[in-house]
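Report on the following structure.
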Amino acid sequence: MAASIAASAFFPGSPAPASAAPKNGLGERPESLDVRGVAAKPGSSSNALRAGKTRAHAAVPKVNGGGKSAVADGEHETVPSSVPRTFYNQLPDWSMLLAAITTIFLAAEKQWTLLDWKPKRPDMLSDTFGFGRIIHDGFMFRQNFSIRSYEIGADRTASIETLMNHLQETALNHVKTAGLLGDGFGSTPEMSKRNLFWVVSQMQAIVERYPCWGDTVEVDTWVSANGKNGMRRDWHIRDYITGHTILKATSKWVMMNKVTRKLARIPDEVRTEIEPYFFERSAIVDEDNRKLPKLPEDKSTAAANYVRTGLTPRWADLDINQHVNNVKYIAWILESAPISILENHELASIVLDYKRECGRDSVLQSHTTVHTDCNSESGETTLHCEHVLSLESGPTMVKARTMWRPKGTKAQETMVPSSL
């Protein structure tokens, strides 16, 4: 059907050709023809034309009760044209041609959608807009992310900050999708009434591999109880295509009052809101519960100490709760790590212990102490670092421990940290 429309646009229909008019004595066609193609007499051509117009006006009814005929504007079309027949005035109507082409494309598109079409890359259909969904009978939330070009580092892989941002994004979207989002940053309606919000107190992440630009990762997250006045949130990040684990993480959260900036107990009304979503499952079975270091007071011969001072938060580092986002602390901690470690090793795991919040006017310093470990099984040298992030005035903000493996090493060879 589409092809016939296109053909009619290129070759517009016309009435059947009339029989050839008789030629004159010189073998030429008569100079005067009427509208029917019949040779007209010289004296009667004008009378025949006027008679044809009169019959046309009489035969066509009036439009909408008007006084003009429907073909009044087109009466000149019946007048034989004296313009010679050339290639240009025989071209088809371009509006008809455009309509035909449009019809062809629409028909082809409809047929294409009816086919059982599958993309070459399965991740092209994976959570295209990244909205996420509730799974596992309502206890777990899943969301996919595509690794963007601006999320990769010098190693052409996603940075640890990128993965930690994915953890935070899924946590907030979990609350939103479950219908528990109040007017705060991850706060439930009952928490918003009492000026309460969640703050992370501890976090541990184990990285098995880092995704590359263009990879799609699948993030699962769920919550459970942590004592009487806390909540626990876990994550599991996998490669969407292969299903291989990328990162496992667990965290502990407590409540803070937005006005007094002090920790608060979980009200019974809030507990009633969140308890139906608790799912007792741990992403990390063997958690690193070892005591984290204090601010080093003296330099030991067995450890190298690195310090970075004058760290200040930018306006963009603050979140809706008017304090520094927890992911920013990781970047500050790694500011004091030696460049030789960053060039030759990759972060295998990190443990964070948050002590106090950081405001807009804070000035911090980052301390890193490097320890060398030898893996007796593989014979490779691995590193672990102890970090302290503190205000320059003295109070500690965050304590941390990081494990590092040589680049190119399989994750399972150095995943279990050696004892201190």
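The backbone N, Cα and C atoms fix where each Cβ goes, and this holds for glycine too.
TrEMBL: automatically predicted annotations, no manual curation.
It should be emphasised that the depicted structure is a prediction, and the values quoted were computed from it without experimental measurement.
Database features, via TrEMBL:
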{"type": "DOMAIN", "residues": "1-127", "note": "domain 'Acyl-ACP-thioesterase N-terminal'"}
{"type": "COMPBIAS", "residues": "11-22", "note": "compositional bias 'Low complexity'"}
{"type": "REGION", "residues": "11-76", "note": "region 'Disordered'"}
{"type": "DOMAIN", "residues": "140-273", "note": "domain 'Acyl-ACP thioesterase N-terminal hotdog'"}
{"type": "DOMAIN", "residues": "305-405", "note": "domain 'Acyl-ACP thioesterase-like C-terminal'"}
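Secondary structure of the domain 'Acyl-ACP thioesterase N-terminal hotdog' (140-273) per DSSP, as helix, strand and coil residue counts: 32 helix, 57 strand, 45 coil.
Summed and averaged per residue, pLDDT over the domain 'Acyl-ACP thioesterase-like C-terminal' (305-405) gives 88.
Mapped onto DSSP classes, the domain 'Acyl-ACP thioesterase-like C-terminal' (305-405) shows 19 helix, 51 strand, 31 coil.
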